Amino acid sequence: MAEQHEHETAETPAEPVKVVGEEPDTTRGTVRPITVVGNPVLHRPCEAVTAFDADLASLIDDMFVSMYAAEGVGLAANQIGVGTRVFVYDCPDDEGVRHVGHIVNPVLEELDASRRLLDESPEGCLSVPGAYADLARPDYAAVTGQDRDGKEIRIEGTGFFARCLQHETDHLNGYLYIDRLSKRDRKDALRQMAESTPRYATVPND
Ligand SMILES: [Zn+2]
């Protein structure tokens, strides 16, 4: 997921005080270019991870450095062209807490109706460079899955971080946030993208 829109960011408190999760060792990964809307890998469900091996660890390393290079707050594996179910994040919530980590084979928990409070805020995506659109999503989300060693984990979040968890799980199911917009808003997002130049390397579409 992309950072919040510039004028939104200006309202955000300066530096989050608390960090939940473990900061990655960014000396290990290789920055890879980002796939953009239209690339088939973004528009089909990713495959479950079955091998918790060195290749998976190295994929996660690459995903963290690629996310940081593109100044994103979340990144799914298919955004660097790999169709497997993994995402990474380094994302603030609305209380100033910074959440850092990764999850393999994430499944979004169903919310019961009483917890379903919708928050309509701007959303952006590294795979739709330069575009933002308001999108209503539940302001709480929890995902269960595994870590890189195969250990069961659960991640939950509120506000902007809840948005991130839902956005990244959508990616692994083959959906972009623009697929959740009205026809008109989707068209507007694609127009914003066409009129901007990405600040990071992207994979050209054929
Ligand atoms: Zn995205």
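From the backbone N, Cα and C atoms, a Cβ is placed for every residue, glycine too.
TrEMBL has this to say about the protein:
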type: REGION; residues: 1-31; note: region 'Disordered'
type: COMPBIAS; residues: 1-10; note: compositional bias 'Basic and acidic residues'
type: BINDING; residues: Cys125, His167, His171; note: Fe cation binding site
type: ACT_SITE; residues: Glu168; note: active site
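Feature map: annotations from TrEMBL on the structure.
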{"residue": "Cys125", "record": "Fe cation binding site", "contacts (Cβ under 8 Å, 6+ apart)": "Met1, Ala2, Ala131, His167, Leu176, Tyr177, Ile178"}
{"residue": "Glu168", "record": "active site", "contacts (Cβ under 8 Å, 6+ apart)": "Met1, Gly74, Leu75, Ala76, Phe87, Tyr89, Pro106"}
{"residue": "His171", "record": "Fe cation binding site", "contacts (Cβ under 8 Å, 6+ apart)": "Leu42, Cys46, Ala76, Asn78, Gln79, Phe87, Ser127"}
Across all the protein chains here, work out how many other Cβ atoms are within 10 Å of the Cβ of His167 (Fe cation binding site). 27
List, in sequence order, the residues of the same chain other than Cys125, His167, His171 whose Cβ lies within 8 Å of the centroid of the Cβ atoms of the recorded Fe cation site. Met1, Gly74, Ala76, Gln79, Leu126, Ser127, Glu168, Asp170, Leu176, Tyr177
Which of the three DSSP-derived classes (helix, strand, coil) applies to His167 (Fe cation binding site)? helix
